[in-house]
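Since the structure comes first, as structure tokens, the remarks are kept for the end.
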């Protein structure tokens with residue numbers, strides 16, 4: 001099995017992941033922070049730049065002159081204004097921020113696209129994905145290397161079908177993104193819960209009991225005492241995870257654990273940007289209002305045009 005296939009299988013299937021005896025396995029999907037910078041506008045707008053552009057793109061703007069920053073910001077505003085009414089709403093800003101934060105996901109899909117789109121038709125069929133990913137293992141789906149490729153392929157096919165909204169077994173780029181990164185799509189939430197639930201539910205009764213819950217996180221090492229975090233997780237299961245106190249977690253309880261309702265950082269940042277930039281206080285932003293506050297949105301550190309780092313692949 002080549003390295004690419006090995007990494008692909010590992011990224012799509014968690015059933016075979018192993019933990020060190022005292023290493024906690026985290027199944028929970030949290031909304032990522034918009035930036036690792038401190039959000040303090042009195043000191044700098046670095047947090048806002050990372051949130052609005054994504055951390056990597058924000059570094060690019062740091063190399064531009066103010067004039068270039070304003071010009072490129074104006075181009076971005078045209079993209080944010082989804083309904084082309086000349087205004088940017090809080091909702092449109094929130095959508096843009098979420099898009100900017102997920103740019104690494106889209107880049108990941110782009111990097112893999114040509115590898116799977118064998119006939120170069122701009123789509124990826126299930127057959128194309130299966131042949132590239134499993135290839136020679138189709139004839140021997142149960143080799144002696146510890147991987148059950150038949151089981152992995154069945155799981156991948158189920159996920160592919162769920163991502164494939166129109167049911168034609170051919171994925172558009174957006175559907176393929178949902179297949180590779182289901183945690184980012186609301187309509188894929190069930191599979192995000194179902195897959196780890198199947199991994200943890202060792203007795204296949206459709207529930208996760210306390211021992212299965214702990215066993216997924218912690219492998220006991222001989223006579224060693226359980227670390228403190230394991231005791232805490234036992235208490236968490238009894239007090240919070242098992243809401244109906246029947247000694248096990250059903251699908252909804254598992255969903256609440258794996259996909260918690262986190263604070264919406266993108267919504268908060270969109271609200272903040274509108275508040276700081278909305279000069280006439282009408283609850284929406286014009287391009288002029290945004291560009292006037294370019295230092296808040298994108299910033300600029302370069303003062304010499306010759307220092308500018310010019311990129312042509314803007315988003």
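Each Cβ is built from the backbone N, Cα and C atoms, and glycine gets one as well.
Quick look at what Swiss-Prot lists:
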- 81, 83, 85, 92: Ca(2+) 1 binding site (BINDING)
- 117, 119, 121, 128: Ca(2+) 2 binding site (BINDING)
- 164, 166, 168, 175: Ca(2+) 3 binding site (BINDING)
- 201, 203, 205, 212: Ca(2+) 4 binding site (BINDING)
- 242, 244, 246, 248, 253: Ca(2+) 5 binding site (BINDING)
- 278, 280, 282, 284, 289: Ca(2+) 6 binding site (BINDING)
- 68-103: domain 'EF-hand 1' (DOMAIN)
- 188-223: domain 'EF-hand 4' (DOMAIN)
- 47: phosphotyrosine (MOD_RES)
- 165: N6-acetyllysine (MOD_RES)
- 1-19: signal peptide (SIGNAL)
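Counting only the Cα atoms, the space from residue 165 (N6-acetyllysine) to residue 248 (Ca(2+) 5 binding site) is about 33 angstrom. Calculated from their C-alpha atoms, the gap between residue 284 (Ca(2+) 6 binding site) and residue 81 (Ca(2+) 1 binding site) amounts to 11 Å. Across the structure, residue 168 (Ca(2+) 3 binding site) and residue 128 (Ca(2+) 2 binding site) are spaced 13 Å apart at their Cα atoms. The residue listed as 'phosphotyrosine' sits 41 Å from residue 128 (Ca(2+) 2 binding site), taking the CA atoms of both as reference points.
Across all of the domain 'EF-hand 4' (188-223), the predicted model scores a mean pLDDT of 92. Of all the binding-site residues in the record (83, 175, 289), the one with the smallest CA separation from residue 246 (Ca(2+) 5 binding site) is 175. Under the three-state DSSP scheme, residue 248 (Ca(2+) 5 binding site) falls in the strand class. Other than the site residues 81, 83, 85, 92, same-chain residues with C-beta atoms no more than 8 angstroms from the centre of those residues' C-beta atoms, the Ca(2+) 1 site, are 80, 82, 84, 86, 87, 88, 89. Rounded to the nearest whole angstrom, the C-alpha distance between residue 282 (Ca(2+) 6 binding site) and residue 117 (Ca(2+) 2 binding site) is 47. Compute the center of the Cβ atoms of 164, 166, 168, 175, which mark the site for Ca(2+) 3; besides them, the chain residues with Cβ within 8 Å of that center are 163, 165, 167, 169, 170, 171, 172.
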